[in-house]
Amino acid sequence: MFDLILSQAVNGLVLGFLYVLIAVGLSVIFGMLGIVNFAHGAFFAIGAYLALMLNRDFGWGAALLAPLLTGLVGMLVEFVLIRRLYGKEPLLGLILTFALALFFEAILRLVFGAAPLPFNPPRFLAGFLEYGPVLITKYRIVVLAVTVFALVAFWSFLEYTPFGRIIRAGSRDAEMVGLLGINLPIVLSIVFGIGCLLAGLAGMLSGPLWTVNPSMAAGAIMPAFVIVTIGGLGSYAGAIIAGVLVGVVTAMTIQFYPDWSSAAMYVLMAVILLVRPRGLFGEKWERFE
Amino acid sequence: MSSNSLRHLTRINRRALIGGAGGLALAHAAASKLGMPYIGNAAAADPIRIGMIYAKTGAVADQAEYMAQGSLLALETRNNTLLGRQAEVIWLDEPTSQAAQQNAERLVGEHNVVGIVGGSLSSSALAISAVAKKAKIPFVAANAGAIDLTGRLCNRYTFRLQPPADVHTRVLAPYCAGLGKKWYLLTAAFAFGQDIKRSFTEFSAANGITLVGADEVPVNTADYSSFILKIRAAKPDVVVGGVPGNDISTFLKQWNELGMKGKIPFAEIAVGATDLWGVGPEAADGLFTINWYHKNPNNPPEEQMMAATYEKKYKRPAADKTWMGWMAMNALLDSVETAKATEPGAIVNALERWGVQRGGVKAGYRAFDHQMVNRLLVVGVKPKITDKWDYFDILAETPSNDAEIEKVFGAQAESACKMDAL
């Protein structure tokens with residue numbers, strides 16, 4: 001039994017890190033823009049579809065551009081729509097992004113049809129590895145490695161680059177950043193684009209694992225919200241720890257109580273919020289108090 | 001950030017207003033193209049209206065799209081006329097069973113439909129059936145497989161095309177038993193999945209099969225890898241699935257990814273061809289029951305004609321779900337013509353007498369439970385797939401004649417249906 005638990009835990013880690021990638025984008029967008037982006041799952045789906053198309057027409061090398069293109073789509077959406085909501089009633093943001101989620105799903109359905117499209121891992125990553133009781137596919141190892149790399153790179157970018165400092169400062173006091181002569185609208189566009197890029201990266205990595213269909217956003221957005229809530233809104237470390245927790249708890253529930261597997265993360269969220277209402281690493285943010 | 005700090009970014013001027021209005025117009029145009037309700041062929045005043053409830057979003061949206069297109073094709077081939085009058089289809093969504101029920105009520109109360117076709121999921125079909133009974137409107141369920149629909153919860157106004165789970169099980173289970181005596185059940189946690197679990201559990205108990213595991217899976221599960229690890233550890237001879245729509249596509253992709261394809265056979269009842277097309281040739285695997293297959297040379301001429309018309313129009317082959325949508329709508333439209341009226345009771349009587357010859361079997365609805373009796377196909381995924389639309393080898397057609405119908409579909413004495421009066 002211990003073997004199986006270990007195997008499930010490793011498997012849960014991969015799932016959890018994929019969720020983290022989606023949740024971090026969501027968290028950054030909320031932290032900087034104050035927008036709860038219900039359309040974040042749609043960018044995840046757009047990333048998967050772009051990767052599928054680029055892979056089909058040009059090969060896997062081209063598919064790697066999918067996250068970047070998703071980020072550009074995100075920046076366009078921010079420029080055309082999202083920025084009109086800054087400083088307005090938060091409810092407007094919820095309504096607009098919810099409508100955007102439905103709109104993007106309908107567009108994907110219109111362009112690609114409702115049927116799922118075949119998309120498999122590259123042939124050179126076919127197969128799996130067994131280390132004692134642990135079984136993991138080569139593709140999932142790559143997913144884990146890419147995800148961890150992306151998270152470390154993004155964290156380093158936030159911590160050690162001048163632009164990262166602007167983002168961090170802007171997330172705490174956007175007005176002051178603007179008063180220092182920094183072009184805030186461009187910063188906000190880039191932040192929204194980065195958040196969407198991370199969702200697109202998760203979509204690209206998930207496409208060969210999950211089913212690429214217009215409704216795939218639903219499978220990504222709810223865990224992402226749960227992770228952001230558990231980790232604490234706007235907390236980078238919180239999102240990572242919460243994501244791993246959700247992945248492992250889900251995998252363990254499947255092992256012992258499969259009927260409860262979809263409810264497990266919500267129960268976990270409820271328990272953590274009862275103990276710590278701001279989430280594990282949630283802080284008191286002046287601008288949202 | 002104060003509420004005024006970014007107001008300069010969002011000031012509304014004339015250009016923004018015009019842009020917004022243009023955007024709204026565009027959104028309205030898009031919504032009319034993409035959204036709901038769809039109203040096909042709104043032409044003359046006071047046309048005959050047929051209601052259609054198929055999923056536009058969610059796990060079965062792809063199957064529902066094929067069913068809707070099949071249903072629309074049935075009316076189009078009649079030049080959108082019924083009883084010499086213009087006819088139109090009103091298509092509403094079924095995102096949840098509660099919404100399906102509300103939309104059925106809308107179709108009856110607001111649109112005055114003469115009948116309803118649809119129900120992609122059993123839960124929706126059961127909800128629509130309750131409305132059909134209350135409003136006394138004929139309802140032909142195209143895809144729902146829950147036993148209760150034509151069993152315990154049957155009613156005079158509800159007819160069902162898809163054979164229920166126990167019928168599919170009687171057809172497929174002997175093939176599974178031929179593969180081994182240790183089974184693992186992986187079924188969806190909703191009405192149809194639970195029926196599959198119950199039917200296969202009963203079969204296994206009666207036939208000396210050992211169940212080495214049985215998991216219920218939430219609908220729309222994105223990652224099956226943890227379930228697959230459990231199955232791998234249990235070492236069954238066969239995995240019997242009961243997961244719907246996109247979920248089976250996801251499962252089979254991950255089944256292949258984790259190296260299980262070809263190692264442990266997978267079988268599932270009532271699968272859709274579209275589910276396998278979405279998996280792709282590399283990962284597709286399994287033994288299935290299916291209602292219809294476009295490559296079946298035994299399809300009657302009118303079905304071959306429907307398939308050709310569909311392929312010409314939609315640039316892709318007709319799937320089994322296309323046929324189901326087409327067949328369900330045809331039954332309703334034929335019955336309106338036979339009844340020579342739009343009065344519900346007359347249509348129900350006509351539906352009870354409706355039938356078409358399909359090979360050695362006369363397909364039609366049984367009077368005692370309104371379940372369609374028909375032939376089913378047992379198919380296996382081809383060892384090597386060379387045509388992206390042709391995944392299956394047909395292994396059997398059952399029942400092959402009228403004498404076998406009762407054996408496969410069960411006798412009246414076995415039915416839990418207590419049919420009510422009109």
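Just so it is clear, glycine is given a Cβ too, placed from its N, Cα and C backbone atoms.
Quick look at what TrEMBL annotates:
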TRANSMEM  A:12-30  transmembrane segment
TRANSMEM  A:35-54  transmembrane segment
TRANSMEM  A:60-82  transmembrane segment
TRANSMEM  A:94-119  transmembrane segment
TRANSMEM  A:139-158  transmembrane segment
TRANSMEM  A:179-204  transmembrane segment
TRANSMEM  A:216-233  transmembrane segment
TRANSMEM  A:263-281  transmembrane segment
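Here the listed stretches are A:12-30, A:35-54, A:216-233, and the one with the most C-beta pairs under 8 angstroms to the transmembrane segment (A:179-204) is A:35-54. The transmembrane segment (A:12-30) makes no contact with the transmembrane segment (A:94-119), as judged by fewer than three Cβ pairs under 8 Å among residues 6 or more apart in sequence. Remote same-chain partners of the transmembrane segment (A:60-82), defined as residues 6 or more beyond its termini with a Cβ less than 8 Å from a stretch Cβ, comprise 33, 35, 39, 43, 46-48, 50-52, 54, 93, 96-97, 100, 122, 188-190, 192-201, 203-204. For the transmembrane segment (A:94-119), same-chain residues at least 6 beyond its ends with a Cβ under 8 Å from one of its own Cβ atoms are 35-43, 45-46, 48-49, 51-52, 55, 77, 81-82, 85, 207-208, 211-215, 217, 221.
Long-range contacts of the transmembrane segment (A:216-233) within its own chain (CB-CB distance under 8 A, at least 6 residues past either end) are made by residues 19-20, 22-23, 26-27, 30-31, 38, 40-42, 44-45, 48, 101, 104-105, 199, 202-203, 206, 210, 239-243, 245-246, 265-266, 268-269, 272-273, 278-283, 285, 288.
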